[in-house]
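Taking it in order: structure first as structure tokens, then the write-up.
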Amino acid sequence: MLKFLIFCTLAVAINAEIAEEEDVLVLKKSNFNEALQAHPNILVEFYAPWCGHCKALAPEYAKAAGMLKAEGSDIRLGKVDATEETELTQEYGVRGYPTIKFFKGGDKESPKEYSAGRQADDIVSWLKKRTGPAVATLNEVTDAESLIADNEVAVIGFFKDAESAGAQAYEKAAQAIDDIPFAKTSNDAVYSKFEVSKDSIVLFKKFDEGRNTFDGDLTKEALLSFVKANQLPLVIEFTEQTAPKIFGGEIKSHILMFLPKAASDFQDKMDQFKKAAEGFKGQILFIFIDSDVDDNQRILEFFGLRKEECPAIRLITLEDEMTKYKPESDAITAESITEFCKLFTEGKLKPHLMSQDIPKDWDKNPVKVLVGKNFEEVAFNPSKNVFVEFYAPWCGHCKQLAPIWEKLGEKYKDSADTIVAKMDSTANEIDAVKVHSFPTLKFFPAGEERKVIDYNGERTLEGFTKFLESGGKEGGAPAGDDDDLEPEDLEDDSDSEDGTDDSSSKSRHWICEVLHPKIARQSIKRPTGRPGLQRNSSLDSERATLRTDRLIFFYLLHLKTSAETMMKYYHCPASQTLGIKPCIQDVPITCKGAASLKPIRSVHFPNDILFQDYVRQGELERIGRFIRAQRVTLDTIYHSGESNTNERFSYTSRNVSSQTLFSALCPAFLSEQEWLQSTRPSCLGTWSV
């Protein structure tokens, strides 16, 4: 008894030393172990003060902490400023923000990664499920009523025999689902209250029909399918809050209705959409997108739509190539949508490829203009050698290439068998070529073989000329990026003191292609926070230091924190660097090793809504699969919707295979006005090892 009292006294003393902010424990290296001892069940958020997603989570996180505290729960929530507590950050492998880990029973060695939603109810529900039984027992009607009232979705199993095979299958299904509470009852009063006459499983929800009763074989798999099909509304609106459920779910076929909420016939069209959704539960996810919302414009652009063209229906599969489909009719009725979905499920639909109209003067200039509608005819003309630039209008590197490409067109304008062309890949899609980086240069040699050769040489008039005169041999490679090759298949002219790295796994081998390991071992320090702020300014919350080990640096930047986070570190010149020398942009590079520098290329991730949401949620495996499946070359990353005016500066490495280069551009959190007021000239430039 005395030992117990001493332990309690110590626990209280320890707890008193840990500061709280809105019921959330403020954790540091100095009190972390004590916190785990005092609180056997604690959820810890590793955050960065400048992180937008951390800021969005903060009020919900605090609300969840308050809810648990008010209930008298022994579960606590804590937070760690990862920019200050770097040792803790490294110890727990934090590679992005926010990272949330659950420490159960004081076990600091193997915390569980938090995997549910970002709302307070989601957090509380997940924690209760992790700390208690997967299935709660309801002994009173009021218990069941409270469960249903407190949750958007809840599942209750009605079993007279708690040891039956059906009840055991129910338990197993409950253990597999984190974000929905499961309960069971054998109480006659509860049966009567909810009009249940025999053993059954009922999903209660605060939308659509209100409840669904399971009527299949009582197996774990069947129950999981039942919950998956009914846990979401028939139609779910796309928002930042619902994005995790939309993209993180198992249903990968999505039909989208683009419609302004302000439309006079909004409710009628929504009713038609919902009616069609009833027949495709668990097969196709029905999503509504308000076409008047500014944040949704990127999605419209991705589907080649303008606000004036809404309402509109599109369907997409979130598989390797994210195939899009467009209905033949613009009518939005339950019948037309049902027929469209039926044809899709039967595999009878042809993919929809965007295309501009063929310009009347498409072949009047030295550089021919290709669109989706004339690409096949021109590029695969058996009597012509066709060299095509796939570009994006906003791409800075495309703009830099433009005058050289025009000169190349001028040089071959009178050629009988060679065509120099260009195509805007943001407005045109083709089956033969999947473009994910800009500019992408591909050569279509004459002949019946329909060969495609990637250009990987110097982006100079001389380099292009040699390539064409050699028939695509000098500077060319078989179509397809080499990011799916094993590391030993890639060229390596490393001159680092230690050529080894710890990224040999398939999930990260493409990083080896992106950068020479040497640069990734550096510590890069930002000299200031936002331009114009004093070093000790209270507003300078964005200041941070990256301490990295080998390739983890770029693994963190690309896979976990996205381009937005990347830019927060690089919006000012990195004055304190190791082994990195500045070279002025637009001036011939004369520093050591310049001869080996490859032309800068760029990749456009932003218009890919799937990739953006994978990044937002930190889905590392899915991001990796996406990059490999889409054959993305990690060159230059632009923030969504940004143009060349927001280009800042880039990093290039001379020890890169296959001309793959890394560039860091456009700090996402700086407005254009802020940028213009900052020390812009000193920020621009190319940095090379």
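Cβ coordinates are placed from backbone N, Cα and C, and glycine is handled just like the others.
Among the features that TrEMBL reports, signal peptide is placed at 1-16.
Looking only at the domain 'Thioredoxin' (5-132), the predicted model's pLDDT averages out at 82. Look at TrEMBL and you will find 5-132 (among others) tagged as domain 'Thioredoxin'.
There are 22 other Cβ atoms within 10 Å of the Cβ belonging to CYS51 (disulfide bond). TrEMBL lists CYS51-CYS54 (among others) with the feature disulfide bond.
Summarising the annotation, TrEMBL assigns domain 'Thioredoxin' to 344-473 (among others).
The disulfide bond feature in TrEMBL is assigned to CYS395-CYS398 (among others). DSSP gives CYS398 (disulfide bond) a helix state.
The annotation region 'Disordered' is assigned in TrEMBL to 470-507.
Marked as compositional bias 'Acidic residues' by TrEMBL: 480-501.
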Other CB atoms within 10 A, centred on CYS54 (disulfide bond): 20
CYS398 (disulfide bond): tally of other CB atoms within 10 A of its CB: 23
Other CB atoms, at most 10 A from the CB of CYS395 (disulfide bond): 25
Rounded distance in angstrom between the Cα atoms of CYS398 (disulfide bond) and CYS51 (disulfide bond): 31
CYS395 (disulfide bond) to CYS54 (disulfide bond) - Cα separation in whole Å: 30
Where CYS51 (disulfide bond) falls in three-state DSSP terms: coil
